[in-house]
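Chemist: Got a structure for you, written out below as structure tokens; questions coming shortly.
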């Protein structure tokens, strides 16, 4: 039933939850776009900042002799000087990025929530804001990774979706925050499977039906437990075109896809492959050997997705920036790769490198490897994933790097 | 009709036509395998050497004071010292690699011909050996590239096939000859679409039918003009298993596929993308931008294959070493990439770099770009390939590198 829509009364209010290096970068580019599209978005973008005190160095252009070395609140420094001096220094933020120390105030009346904070904080944040957000809000998670236990694989965006009762997509790609903050061109992938109740032809109908969307096939293709509240027709619809307007910049090209599972899993499993590539290069093999391992790693990634999420996976997803491009960058310059390479070069375990090089931080690749292998073992299919299994073996000291080529023999 | 085969009377005689860096490397690994599989192959591998004189330096272990600085024939140096001192120095060849200065003697009674010489010599070599080879010989081309004119795209292996009246497959991958010669592990792809008359169940039947295979769908999926002579049952059959035994080494993992077109075109078109990546990096963009260009280049490659060879292309081919792996290596370290990067860094044309850096050699990527664009223009579809077109424009000075991201805007 096609219904002529009334003109929306409200614009979307956008908030970024998180203000690290990547969160601040995304706040910057989104705020540039809310200014360019005043028909769709409110200009101000709230950015939730976990408040802390900072001291402005005397050689900083933001140094104020009247304040001197006295600690200042990070939010007020950001709102005064339009720079996140702690997590994204030397990058001028648009003045419509508004640092907000209150999580609940940040999300109040917000219709588009962008989650961009470390994996380990997402549980606590979701619990705090549950019941305090618009029921028809929509989310985009910029957090890579999935939670894998022996029992199940849970996507971050599904966790957000189920905890908050809203639909949530994912942004992932071959992206390095500092480069994007400096407006060096790259591209990214946004996976968003527009809920049926939000589709343009449906909004009016659903709204006149007055109710909640009865069932939505969520990103996993299963019928979700989440009862979605349709987008109010007081707001412009949100689909691929609007999301592109919110995220795409001349220096940040967005491709839209619908396969949230593929994008999320590619972003997580590539960390296992990055460890493998570091081992390979640490052992003295070159680019040709590394590409062989990347290729096998990508094939095991696709196999994993197809084995456990057969309903929704689209093979073309792996051709996106969130697929091959992110794999290549992660296996060439990222932390998992660097640490595993160092481990082999030094003849120590990757745990030892984690301890000595990461200031107490943990290597994502190790926990992903462990979790994924435990999940596969729980299903008795670990031998179908020889590269993933070998990475676990190398991490644990039960498999030798020099035997990786043997995995590929016929 | 299943027929019990008599035991073969002959073993396959293998020859490598070409003895450069890559040809000698392939002769080495093939000769290691003929020794390991004496049931299938004659031990000696003939390697055709374009005869020339070499002088052995006095600090070489092969220096003979009795000979001194007198020029010696390259073939006799190879056969005496088991080293190709000119094109693959410091690599010990198995003694069953036999350098042969006579092209016709090299191919005499040879049932497996491996073509491994520069693109520009293949025409003359094929004309010389036509009529002098076993009619039931089979070929593998290690020569990357295709011949594209305004009218058609011709694969090297189809050219060999049609000129000699034999079936010919292709070997291609992320391979660097010196690394393989030093037994640093990598992998490769062999595309071989076993002709129906050679299939195990058919050999006896075809042989008893006594005749030529009436029609063979060649690598292009078209019914070939080539009238194949079936493999004689005096020889073991040749299919994927035997070819793997001939090429696969512990340091050189072979994947077998049937898509000769995809493997050949991926090996050729990647040179256009490598130029694009050099331009991108020369301009100051990093790995993230490069992966975006590689990805778009791969998508245009696949589109090209599907548009012009829809019958035979298998998308999985591009996941092979001859696909993504070769693309990554070519866009990271190969000559096209290096020269186009230098051109932008120096603010000169890539022709200028070709002239000053390559000692009279030509950049394959430039001719491939020109030929492919001329072919596309002849069909009026050049605008469906914006990246390829942009590379041509940058080469000719009519498109600016900094506008590459604009190609990807929506």
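Placement of Cβ uses the backbone N, Cα and C atoms for every residue, glycine included.
Below, the features straight out of TrEMBL:
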type	residues	note
ACT_SITE	B:270	active site, proton acceptor
BINDING	B:18, B:19, B:20, B:21, B:22, B:23, B:50, B:121, B:177, B:335, B:362, B:364	NAD(+) binding site
BINDING	B:144, B:335, B:336	substrate binding site
DOMAIN	B:13-194	domain 'Glycerol-3-phosphate dehydrogenase NAD-dependent N-terminal'
DOMAIN	B:259-404	domain 'Glycerol-3-phosphate dehydrogenase NAD-dependent C-terminal'
Chemist: Among B:18, B:20, B:177, B:362, these being the binding-site residues, pick the one whose CA is nearest to that of residue B:335 (substrate binding site).
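Modeler: In terms of Cα distance, residue B:335 (substrate binding site) lies closest to B:362.
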Chemist: Mind telling me which of the recorded positions B:144, B:270, B:335, B:362 has the densest Cβ neighbourhood, counting other Cβ atoms within 10 Å?
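Modeler: The largest 10 Å Cβ neighbour count belongs to B:270.
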Chemist: Could you tell me how many residues in the domain 'Glycerol-3-phosphate dehydrogenase NAD-dependent C-terminal' (B:259-404) are helical, how many are strand and how many are coil under DSSP?
Modeler: 116 helix, 0 strand, 30 coil
Chemist: Other than B:144, B:335, B:336, which residues of the same chain sit close to substrate? List them in sequence order, counting a residue when its Cβ is within 8 Å of the Cβ centroid of the site.
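Modeler: Near the substrate site, beyond B:144, B:335, B:336, sit B:271, B:274, B:330, B:334, B:363, B:364, B:365.
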Chemist: Within the chain of residue B:177 (NAD(+) binding site), which residues six or more apart in sequence place their C-beta under 8 angstroms from its C-beta?
Modeler: B:21, B:22, B:24, B:25, B:88
Chemist: So of all those recorded positions, B:144, B:270, B:336, which one's Cα sits nearest to residue B:18 (NAD(+) binding site)?
Modeler: B:144
Chemist: Does residue B:336 (substrate binding site) have same-chain partners at least 6 apart in sequence with Cβ under 8 Å from its own Cβ, and which are they?
Modeler: B:271, B:274, B:275, B:278, B:330, B:363, B:364, B:365
Chemist: Would you count the other C-beta atoms found within 10 angstroms of the C-beta of residue B:22 (NAD(+) binding site) for me?
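Modeler: Total other Cβ atoms inside 10 Å, all chains included: 24.
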Chemist: In whole Å, how far does the CA atom of residue B:144 (substrate binding site) lie from that of the residue listed as 'active site, proton acceptor'?
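Modeler: The residue listed as 'active site, proton acceptor' has its Cα 10 Å from the Cα of residue B:144 (substrate binding site).
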Chemist: Have a look around residue B:18 (NAD(+) binding site) and count the other CB atoms within 10 A of its CB, chains all included.
Modeler: 25
Chemist: Among all the protein chains here, how many other CB atoms are within 10 A of the CB of residue B:20 (NAD(+) binding site)?
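Modeler: Around residue B:20 (NAD(+) binding site), other Cβ atoms within 10 Å: 18.
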Chemist: Max Cα distance spanning B:18, B:19, B:20, B:21, B:22, B:23, B:50, B:121, B:177, B:335, B:362, B:364 (NAD(+) binders), Å?
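Modeler: Between the outermost Cα atoms of B:18, B:19, B:20, B:21, B:22, B:23, B:50, B:121, B:177, B:335, B:362, B:364, the distance is 25 Å.
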